[in-house]
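**Student:** The active site feature in Swiss-Prot is assigned to Asp517. Under the heading UDP binding site, Swiss-Prot lists Arg19, Ser23, Arg113, His220, Asn253, Val282, Ser301, Ser302, Glu307, Arg321. Marked as CMP-N-acetyl-beta-neuraminate binding site by Swiss-Prot on the basis of similarity to another entry: Lys259, Glu271, Lys280, His281. Residues annotated as Mg(2+) binding site in Swiss-Prot: Asp413. Swiss-Prot lists Gly416, Gly476, Arg477, Thr489, Asn516, Asp517, Gly545, His569, Glu588 with the feature N-acyl-D-mannosamine 6-phosphate binding site, giving similarity to another entry as the kind of evidence. Annotation source Swiss-Prot lists ADP binding site at Thr417, Asn418, Arg420, citing similarity to another entry. Look at Swiss-Prot and you will find Gly476, Arg477, Thr489, Asn516, Asp517, Glu566, His569, Glu588 tagged as N-acyl-D-mannosamine binding site. Marked as Zn(2+) binding site by Swiss-Prot: His569, Cys579, Cys581, Cys586. Per Swiss-Prot, the feature region 'N-acetylmannosamine kinase' maps to 406-722; the stated evidence is similarity to another entry.
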Amino acid sequence: MEKNGNNRKLRVCVATCNRADYSKLAPIMFGIKTEPAFFELDVVVLGSHLIDDYGNTYRMIEQDDFDINTRLHTIVRGEDEAAMVESVGLALVKLPDVLNRLKPDIMIVHGDRFDALALATSAALMNIRILHIEGGEVSGTIDDSIRHAITKLAHYHVCCTRSAEQHLISMCEDHDRILLAGCPSYDKLLSAKNKDYMSIIRMWLGDDVKCKDYIVALQHPVTTDIKHSIKMFELTLDALISFNKRTLVLFPNIDAGSKEMVRVMRKKGIEHHPNFRAVKHVPFDQFIQLVAHAGCMIGNSSCGVREVGAFGTPVINLGTRQIGRETGENVLHVRDADTQDKILQALHLQFGKQYPCSKIYGDGNAVPRILKFLKSIDLQEPLQKKFCFPPVKENISQDIDHILETLSALAVDLGGTNLRVAIVSMKGEIVKKYTQFNPKTYEERISLILQMCVEAAAEAVKLNCRILGVGISTGGRVNPQEGVVLHSTKLIQEWNSVDLRTPLSDTLHLPVWVDNDGNCAAMAERKFGQGKGQENFVTLITGTGIGGGIIHQHELIHGSSFCAAELGHLVVSLDGPDCSCGSHGCIEAYASGMALQREAKKLHDEDLLLVEGMSVPKDEAVGALHLIQAAKLGNVKAQSILRTAGTALGLGVVNILHTMNPSLVILSGVLASHYIHIVKDVIRQQALSSVQDVDVVVSDLVDPALLGAASMVLDYTTRRIH
């Protein structure tokens with residue numbers, strides 16, 4: 001059994017309420033069933049599964065060869081708001097006995113139905129861990145309130161899209177308990193191949209129907225605006241009658257307003273109309289084939305904006321029920337849908353088209369990820385949830401440990417030459433610092449980092465410093481969410497696709513944050529330096545290379561692929577010198593320490609570097625500092641090179657001002673003081689007048705990389721953790 005602290009099988013209770021959530025839960029249930037060494041599965045069926053009017057869909061669960069442990073009749077008929085509330089109450093009355101009998105370790109709940117809210121409430125109050133499937137999504141209806149309420153009750157979260165993951169993080173959920181897996185139903189969608197799909201089409205729509213020459217309609221009531229929902233459904237049916245294509249109409253969900261929608265169908269004779277087939281339920285594997293080969297789908301079901309995109313089938317999304325969801329280009333929104341002509345026009349626009357397949361909601365590998373996630377759950381961990389609230393300015397909870405100890409962070413700086421580890425206090429004081437040469441191989445480097453951090457952590461105890469976590473600054477591109485170095489600079493070898501968080505966290509039993517050196521410098525300025533209290537500013541680091549970080553509205557910008565603030569690679573000349581990145585004309589190719597060293601060597605080789613009062617020992621490499629010294633002593637060529645370098649940096653700053661319009665630019669690093677006056681001159685000459693009042697200053701921080709690494713940890717301690 002995988003390492004998770006458990007010495008027995010995990011008892012998993014899957015509770016399903018209707019046909020839609022079963023389509024998402026079934027792939028997970030099949031996956032659990034295939035691993036009996038790890039899991040025991042109990043299935044609880046309730047809600048509309050057990051209602052004859054909605055097809056008694058519990059039978060399809062039995063046909064899938066699942067043993068239904070418990071059937072709970074929880075639906076109070078009436079299909080109005082009061083009936084929904086009474087149904088939740090009835091479920092809350094019945095569920096405690098079931099859960100006491102089953103004693104599950106974890107309950108899996110899907111989506112945003114009122115039945116699911118009852119399940120999550122019961123499990124939470126009975127101290128049963130909850131895994132919520134498809135949290136974090138936004139539709140634009142009352143479903144959002146229910147979904148987000150379940151999120152607050154749930155201990156673990158499986159989401160389908162990156163934006164849903166970000167919503168969960170914004171809701172202060174613990175990132176370590178969020179899995180971006182994709183939609184489980186996509187595992188079946190993307191592997192569904194049925195050469196005999198025509199027999200399915202004929203079975204549901206008639207023998208004379210051709211592929212791509214029919215419509216699937218699926219519309220549900222919006223419970224916060226039932227009257228408008230009924231009117232829109234009536235207009236939709238009128239438009240479909242007028243469009244005169246064979247149409248499969250599925251009955252709506254058993255929500256408030258559904259009874260009135262069924263009355264509209266019967267009033268218009270839909271169940272007996274030659275062009276319509278009205279059905280209560282279609283098995284999911286057959287439904288997949290029907291929507292995959294339809295001329296279009298119309299309605300307001302989430303299926304239209306989620307699953308159908310996998311086939312590129314045209315979709316007409318009516319009203320506001322799915323207004324907040326991500327959609328592919330196959331979806332045409334008719335948000336008002338207040339006239340028959342408008343809906344009819346949408347049908348003419350969409351019917352029969354074929355769009356590119358969309359995989360916004362999954363890649364077909366959700367279930368393996370979910371099973372791995374389940375196996376990682378440690379039942380010995382405290383049940384109480386932790387919420388990660390945003391920083392609270394200067395508002396740290398006090399206890400006796402806080403008073404007697406110095407709250408501190410371990411900061412790690414991985415440079416091209418040196419590896420440094422420091423104990424940094426809450427006030428930004430470097431209490432103790434360790435420096436070693438950075439090894440050339442991955443194994444030696446990881447080993448040395450661990451050794452130095454363990455040594456520093458032990459020393460922190462002697463110094464009465466309470467270490468709250470580890471922050472790491474490294475060159476290259478970093479995924480800070482995962483703590484992984486994606487691509488490193490050429491100065492640090494064997495440092496691509498490196499997981500830094502896991503080995504340090506496992507060894508030190510502390511939380512670990514990782515970011516690149518440019519971002520760390522910006523965070524150091526935000527917490528300890530001249531950026532403190534500034535809403536928008538940019539930091540430029542002038543060292544061996546050129547880096548930077550951008551703070552916008554007090555937050556660090558990482559970019560969609562963690563490549564924001566590569567300021568050294570802003571191009572300032574079309575025919576400039578080659579850059580280490582493979583391009584040419586970059587700021588770094590002019591103004592970095594490497595660039596100045598290159599120019600210094602050229603002058604030295606031509607005997608044009610040294611002037612009176614200068615000497616370079618034979619065993620000493622010529623570098624940027626020699627060029628600066630020569631310029632100070634009157635070397636005109638050295639002065640010209642520095643002027644060109646400073647101008648290139650200044651042009652880069654002008655581009656930043658025109659793009660970001662920050663109120664402050666901080667120049668950091670050993671070359672900053674040599675460039676600042678030139679940069680200010682370029683701004684006066686080249687920048688728009690509206691941005692020329694920007695403050696450009698030299699950083700007064702001695703170790704921005706270490707302080708920035710520490711700030712990731714120390715900022716975290718100002719959050720409330722419950």
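For all residues, glycine too, the Cβ spot is worked out from N, Cα and C.
Quick one: where do these features end up spatially?
**Tutor:** In this structure, Asp517 (active site) is part of a helix by DSSP. Proximity of Asp517 (active site) to non-local residues of its own chain (separation of 6 or more, Cβ distance below 8 Å) is seen for Asp413, Gly415, Ser473, Thr474, Gly475, Ile541, Gly547, Ala705, Gly708, given in sequence order.
Spatially close to Glu307 (UDP binding site) yet at least six residues away along the chain are Cys183, Ser185, Tyr186, Leu189, Ile288, Val291, Tyr361, judged by Cβ distances under 8 angstroms.
In this view, Lys259 (CMP-N-acetyl-beta-neuraminate binding site) is surrounded by 17 other Cβ atoms within 10 Å of its Cβ, with every protein chain counted.
Asp413 (Mg(2+) binding site) falls within a strand when secondary structure is assigned with DSSP. A sphere of 10 angstroms centred on the C-beta of Asp413 (Mg(2+) binding site) encloses 26 other C-beta atoms.
On its own chain, Thr489 (N-acyl-D-mannosamine binding site) has Gly416, Gly475, Gly476, Gly545, Ser580 as residues at least 6 apart in sequence with a Cβ closer than 8 Å to its own Cβ.
Asn418 (ADP binding site): 11 other CB atoms within 10 A of its CB, across all protein chains. In the three-state DSSP scheme, Asn418 (ADP binding site) is classed as strand.
Look at Thr489 (N-acyl-D-mannosamine binding site): DSSP puts it in coil.
Under DSSP, Cys579 (Zn(2+) binding site) is assigned to coil, being neither helix nor strand in the three-state scheme.
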**Student:** Compare the C-alpha of Cys579 (Zn(2+) binding site) with the C-alpha of each of the binding-site residues Glu271, Arg420, Arg477, Asn516, and give the closest one.
**Tutor:** Arg477
**Student:** How big is the gap, in Å, between the Cα of Glu271 (CMP-N-acetyl-beta-neuraminate binding site) and that of Arg420 (ADP binding site), rounded to a whole number?
**Tutor:** 75
**Student:** Measuring C-alpha to C-alpha, could you say which of the binding-site residues Lys259, His569, Glu588 are within 10 Å of Cys581 (Zn(2+) binding site)?
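**Tutor:** Hits: His569, Glu588.
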**Student:** Could you tell me which of these binding-site residues, Gly416, Gly476, Gly545, has the fewest other Cβ atoms within 10 Å of its Cβ?
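**Tutor:** Each of the binding-site residues Gly416, Gly476, Gly545 was scored; lowest Cβ tally within 10 Å is Gly416.
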**Student:** Taking Cα atoms as reference points, which of the binding-site residues Ser301, Thr417, Cys586 is nearest to Lys259 (CMP-N-acetyl-beta-neuraminate binding site)?
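**Tutor:** Of all the candidates listed, Ser301 is nearest in space.
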**Student:** Starting from the Cβ of His281 (CMP-N-acetyl-beta-neuraminate binding site), draw a 10 Å sphere and report how many other Cβ atoms land inside it.
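**Tutor:** His281 (CMP-N-acetyl-beta-neuraminate binding site) is surrounded by 18 other Cβ atoms within 10 Å.
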**Student:** Mind looking up the mean pLDDT for the region 'N-acetylmannosamine kinase' (406-722) in the predicted model?
**Tutor:** 91
